[in-house]
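One structure below.
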Amino acid sequence: MGSSCGRVCWKWGSPLRRLPGFSRLLSTAALAPQICVVGSGPAGFYTAQHLLKHHRLARVDIYEKLPVPFGLVRFGVAPDHPEVKNVINTFTQTAHSDRCAYYGNVTIGKDVMVKELQRAYHAVVLSYGAEDNRILGIPGENLSGVYSARAFVGWYNGLPENRDLKPDLSSETAVVLGQGNVALDVARVLLSPLDILRKTDITEGSLAAIACSKVKRVWLVGRRGPLQVAFTIKELREMINLPGTRPLLDPADFTGLGDVIKDIPRPRKRLTELMIKSAREKPGEKEAALWASATKEWGLKFQRSPLEVLPATDGKQARGIRMAVTRLEGSGESARAVPTGEVEELECGLILSSIGYRSLPLDSSIPFDPKLGIIPNSLGRVQGAPGLYCSGWVKRGPTGVIITTMNDSFDTAQSVLEDLQTGVLNLSNSKEGFKSVRSILHSRGVHPVTFSDWEKIDAAEVARGKLAGKPREKIVDPQEMLQLISH
Amino acid sequence: MAAPGTASLLRAAAASSRRWLLAASRGAAGRPSGDCVAARTPGRFFGVSARARLSSEDKVTVHFINRDGDKLTAEGKVGDSLLDVVVDKNLDIDGFGACEGTLACSTCHLIFEDHIFEKLDAITDEEMDMLDLAYGLTETSRLGCQICLKKFMNNMTVRVPEAVADARQSIDMSKNS
């Protein structure tokens with residue numbers, strides 16, 4: 001590597017100093033790549049981690065628009081899935097590296113522009129995820145009682161922008177449009193026994209609202225069939241075993257599937273077998289007793305595509321949903337739902353659309369594909385924008401679990417490392433990194449939140465949670481967070 | 001040759017603090033290191049047990065073939081899980097054990113030799129549920145956090161599977177070349 005060669009050559013004496021660029025080699029500081037990452041969720045942290053691990057000199061600064069880090073690990077993973085949040089430990093370790101710094105409360109695209117970051121850093125990695133959701137595009141979508149699952153999840157997880165959602169939980173039946181893991185999460189949070197929820201890090205405010213909820217029944221509605229469900233088996237099993245609830249699965253939906261799945265890959269096969277079993281087999285004694293005493297229920301409805309949210313007589317409130325009955329053309333992942341002409345109505349006062357998250361363009365200077373909702377890239381290198389990279393959902397689309405994002409982030413980091421090695425990223429242009437960003441932020445009155453500031457907020461949340469028998473009580477007001485650290 | 005850089009000091013510090021974090025979080029999740037039975041039922045609290053006095057009979061050597069082809073050899077004790085071995089010996093396997101042994105991810109996915117695989121304890125539904133999501137699943141795949149060392153595993157070789165579709169040559173600029 002450059003620096004070791006520099007030190008060795010220097011010992012050999014002055015003639016070598018005449019080599020062009022040689023004196024630069026003596027200064028290791030000039031060779032330290034300055035890299036910044038936009039977004040502090042799993043994509044941002046895993047990209048930073050891989051860079052720091054595989055380059056002994058690189059400095060990585062992670063920017064985040066909220067005061068607090070960790071993105072969807074904090075705001076997306078369900079409160080009753082704390083093990084999934086264990087990754088926070090490895091991210092914390094990364095943040096503690098002396099070549100890594102976290103700067104929260106800095107909105108890229110507003111407080112500082114991407115072009116300014118590119119002047120300050122050798123490489124900029126965009127890992128800002130998907131802050132929006134796909135819309136249904138049907139009449140009645142904006143009636144009271146209709147929410148995106150994304151906003152509902154943000155609400156119970158303490159995402160500041162969703163803290164005033166005040167979802168209407170006064171009707172008995174809720175319909176979730178979509179059959180992915182997020183759909184199961186919201187159904188489970190709506191139906192879980194309070195005794196379970198109150199020991200999690202669900203926010204105090206949402207717990208109180210759920211305690212007054214009248215929701216007894218949740219339907220997860222999908223346009224296609226059982227073979228196209230997007231949720232995974234662990235989450236389905238959890239739902240089937242949810243205390244106080246019984247599953248409503250129509251055996252007719254699963255006719256003939258046993259044969260179809262004989263030769264398909266094991267993951268899809270086991271998932272389908274579990275649904276078939278729950279729908280068709282007589283429950284065991286224990287299960288039968290649990291289901292008989294259940295006060296809440298949930299079910300799957302297939303081949304129903306939403307057409308219109310129906311208003312109540314006041315014209316403002318949702319009272320039901322009209323759906324087209326579909327049939328499938330093709331099979332497997334690529335099966336398409338085609339309307340048959342038949343329609344059906346389902347009475348409900350709460351509708352959660354869980355049809356996918358969606359990324360937004362950060363800054364007009366960055367290439368963005370609005371149709372796919374991603375930044376056009378090749379192996380994480382943003383197309384037509386040298387020095388710009390992307391990782392996570394903004395790179396591949398908003399699907400997958402943490403391991404998918406982890407692998408994807410390592411892949412982007414590899415591209416950065418390759419470009420450092422081959423000189424595509426030219427280290428002879430020395431960059432100031434945070435030094436120049438700090439003065440930009442200062443001139444705009446923006447005060448970054450450091451990682452040790454976050455640790456103060458973290459400690460306060462944990463202390464408050466302890467009083468309530470919870471792992472933490474999340475602070476949902478960013479102003480309160482900033483006051484706590486005296487900003 | 002340059003003096004050992006701060007990078008290696010950091011890694012050592014990180015390794016020991018990571019071990020501490022892991023032990024602390026396992027205390028919370030209810031699984032002490034070395035008690036592999038508890039590893040299969042995450043959530044039950046046993047408290048941290050004192051490690052038994054070691055004899056050579058307790059030691060098991062495992063060879064890990066890393067994604068880049070490097071062979072990493074480490075020694076554990078009977079009862080340690082393979083995740084314990086990777087963490088305790090700070091083996092350089094990117095992203096291994098993200099959920100810290102709680103069956104909430106598939107990053108400790110390992111591929112076993114046929115003759116070893118046959119003798120492993122039966123897989124539970126819970127492990128299979130997560131294994132099903134692993135990339136590059138094979139007939140002899142298991143999750144490392146659920147496999148505990150036994151004497152018959154001495155000198156076995158396990159393979160760390162590829163994590164992404166295109167296996168590009170991995171770039172490592174963390175050491176002097």
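Numbers run from 1 along the shown chain.
Each residue, glycine too, has its Cβ placed from N, Cα and C.
Because TrEMBL annotations are produced automatically, they should be read as predictions rather than curated entries.
According to TrEMBL, the feature domain 'FAD/NAD(P)-binding' maps to A:34-190. Among the features that TrEMBL reports, FAD binding site is placed at A:Ala43, A:Glu64, A:Leu72, A:Ile108, A:Trp393, A:Gly400, A:Val401, A:Ile402. Annotated NADP(+) binding site per TrEMBL: A:Gln179, A:Gly180, A:Asn181, A:Val182, A:Arg223, A:Arg224, A:Glu235, A:Gly400, in sequence order.
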Point to revise | Winner by Cβ contact number (other Cβ atoms within 10 Å) across the binding-site residues A:Gly180, A:Gly400 | key: A:Gly180
**Study point:** Against chain B, in sequence order - binding-site residues A:Gln179, A:Val182, A:Val401, A:Ile402 with Cβ under 8 Å
**Key:** A:Val401, A:Ile402
Practice item. Provide the number of Cβ atoms within 10 Å of the Cβ of A:Ile108 (FAD binding site), excluding the reference atom itself. Key: 22
Check your understanding: So of all those binding-site residues, A:Gln179, A:Gly180, A:Asn181, A:Val182, A:Glu235, which one's Cα sits nearest to A:Ile108 (FAD binding site)?
Key -> A:Val182
Revision key, fill the gap. If you measure between the CA atoms of A:Glu235 (NADP(+) binding site) and A:Ala43 (FAD binding site) and round to the nearest Å, you get 23
Review point. Which has the fewest other CB atoms in a 10 Å radius around its CB: A:Ala43, A:Leu72, A:Val182, A:Val401, A:Ile402, the listed binding-site residues?
Key: A:Val401
Exercise for review: Work through the binding-site residues one by one (A:Gln179, A:Val182, A:Arg223, A:Arg224) and name whichever has its CA nearest to the CA of A:Gly400 (FAD binding site).
Suggested key: A:Val182
Point to revise | Least buried by Cβ count (within 10 Å) of the binding-site residues A:Gln179, A:Asn181 | key: A:Asn181
**Study point:** Max CA-CA distance, Å, over listed NADP(+)-binding residues A:Gln179, A:Gly180, A:Asn181, A:Val182, A:Arg223, A:Arg224, A:Glu235, A:Gly400
**Key:** 20
**Study point:** Distance, A:Trp393 (FAD binding site) to A:Gly180 (NADP(+) binding site) (CA atoms, angstrom)
**Key:** 16
Point to revise | A:Leu72 (FAD binding site) versus binding-site residues A:Gln179, A:Val182, A:Arg223, A:Arg224 - nearest by Cα | key: A:Val182
Check your understanding: Three states by DSSP: which one describes A:Val182 (NADP(+) binding site)?
Key -> helix
Practice item. Could you check which of the binding-site residues (A:Ala43, A:Glu64, A:Trp393, A:Val401, A:Ile402) sits closest to A:Gln179 (NADP(+) binding site), going Cα to Cα? Key: A:Val401
Review point. If you count other Cβ atoms within 10 Å of each one's Cβ, which of the binding-site residues A:Glu64, A:Glu235 has the most?
Key: A:Glu64
Review point. Within the chain of A:Arg224 (NADP(+) binding site), which residues six or more apart in sequence place their C-beta under 8 angstroms from its C-beta?
Key: A:Phe302, A:Gln303, A:Thr326, A:Leu328, A:Ala335, A:Arg336, A:Ala337
